[in-house]
Amino acid sequence: MAALLFSSLIGLLLLNVPLAIAVGLASILVLYIGDLDLFVAVQRMITGLDVFSLMAIPLFMIAGKIMEIGGISKRLVDLAASIVGSITGGFAIIAVISSMFFAAISGSAPATVVAIGSILVPAMIKEGYDKKFSIALIAASGTIGIIIPPSIPFITFGISANASVGDLFIAGVLPGLLMGLTLIIYCFIISKRKGYKGSEKTSIKKFFQSLKSSILGLLMPLIILGGIYLGWFTPTESGAVACIYGLIVSLFIYRTMKISELKSVFVEAGTLSAMVLFIVATANLMSWLITVEQIPSKIAGALSSVTESPLVFLFIITLVLLVVGTFMETNAAIILIVPILLPLLNTYDINLIHFGVLMIFNLAIGLLTPPLGVNLFVAKSLANIQFNQLIKSIIPFILLMLLNLVILIIIPEISLLLLSE
């Protein structure tokens, strides 16, 4: 049955059937041929959605959309420009720092690409930056959106692995900062080589003006993480707090959003949430079938005969996840693969939170790799450029992310340091 399940899924995906539908159809086919009650399909899908923590997904999407329409992304870009705008590669570094700021608000990689890229891609091209480099940089910087908390994939992983979402959020902070720092160093080196000069004049006065303008937006992630860390509210409740805070700031303080615009906020956030939750529902059904077929225990037995080293195991799983992330949407990959890998983590005595960070970081690389490459497709829509023209430009950024991933595998303390405080 396992062979039928995976072969039918691959076949449907090759026929270009949408992922959520392909996962659901493959699972129902196995139920039908296995002479199991088809009512199980409905039951498992509903059970998969009947999780309180999942409410955080639409809530954070709404909060991110409110802050985006409320003009916070422009304020964050201005703040980044006031800090690094005058140095070599100023605009490129601004793109990275702005993405890190916005990542701490949105929880979504594509949303980060759109919010920051729509402002900076035209500006970078106007300043003489290579178009392909600009698009690739924005796409790569956008991946930080699912590493720095709040992160929707962290929520999905926490639910699938029965792990603390709050701990996952905190564990993602330093890896996200590490990724941002690596990108900044790379941008500086490339800009030196290609002569990309800084053009924004910076001053202490301009910095404080920009800080004053954006401080309310910057407080949002501090309220979210601080509230979770201090036990004031759960990650799901923090999503509701973020929505209310965003509404107050955008409607009554900044006054950059009209009440009439709330309809589009809810429609867009609702549409995106429905897409994610549909995938969660069908993937939960397939995950149940995988468990029933005892696939995790079979894989555990096979791997334990190959290696007893936790480090070697992590590198093997990294290769598997790199392939999976290339072809599968992040949240679906988490729900399908976590039940398979969970027993193996106990076998190799690997910290669940650390593995969660590694998995999300790994799948984030898939946002840059064809054929799926969601961030690449979103970024290329910001400029008149063909997808195949971006392949060469994105390779250095993929290699940088792989370097960061290897560092995180070898030094788990980077993920776990803040949790030990």
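Cβ atoms here come from the backbone N, Cα and C positions, even for glycine.
TrEMBL does not curate its annotations; it predicts them automatically.
The following features are taken from TrEMBL:
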DOMAIN    7-414  domain 'TRAP C4-dicarboxylate transport system permease DctM subunit'
TRANSMEM  46-64  transmembrane segment
TRANSMEM  76-95  transmembrane segment
TRANSMEM  101-121  transmembrane segment
TRANSMEM  133-156  transmembrane segment
TRANSMEM  168-190  transmembrane segment
TRANSMEM  211-232  transmembrane segment
TRANSMEM  238-254  transmembrane segment
TRANSMEM  266-291  transmembrane segment
TRANSMEM  311-340  transmembrane segment
TRANSMEM  352-374  transmembrane segment
TRANSMEM  394-419  transmembrane segment
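A contact between the transmembrane segment (311-340) and the transmembrane segment (394-419) is present, since 3 or more of their C-beta pairs, 6 or more residues apart, lie under 8 Å. Same-chain neighbours of the transmembrane segment (76-95): 101-102, 116-117, 119-120, 123-124, 127, 129, 133-134, 137-138, 141, 184, 187-188, 190-192, 196-203, 206-207, 209-211, 213-214, 217-218, counting only residues six or more beyond its ends whose CB sits under 8 Å from a CB of the stretch. For the transmembrane segment (394-419), the partner stretch with the highest count of Cβ pairs under 8 angstroms, out of 46-64, 101-121, 168-190, 266-291, 352-374, is 168-190. Same-chain residues lying 6 or more positions outside the transmembrane segment (168-190) and placing a CB less than 8 Å from one of its CB atoms are 87-89, 92-93, 95-97, 99-100, 103, 133, 137, 140-141, 143-144, 147-151, 154, 157-158, 196, 224-225, 228-229, 235, 353-354, 356-357, 360-361, 396-397, 400-401, 403-404, 407-408, 414-419. Regional average pLDDT for the domain 'TRAP C4-dicarboxylate transport system permease DctM subunit' (7-414) in the model is 86.
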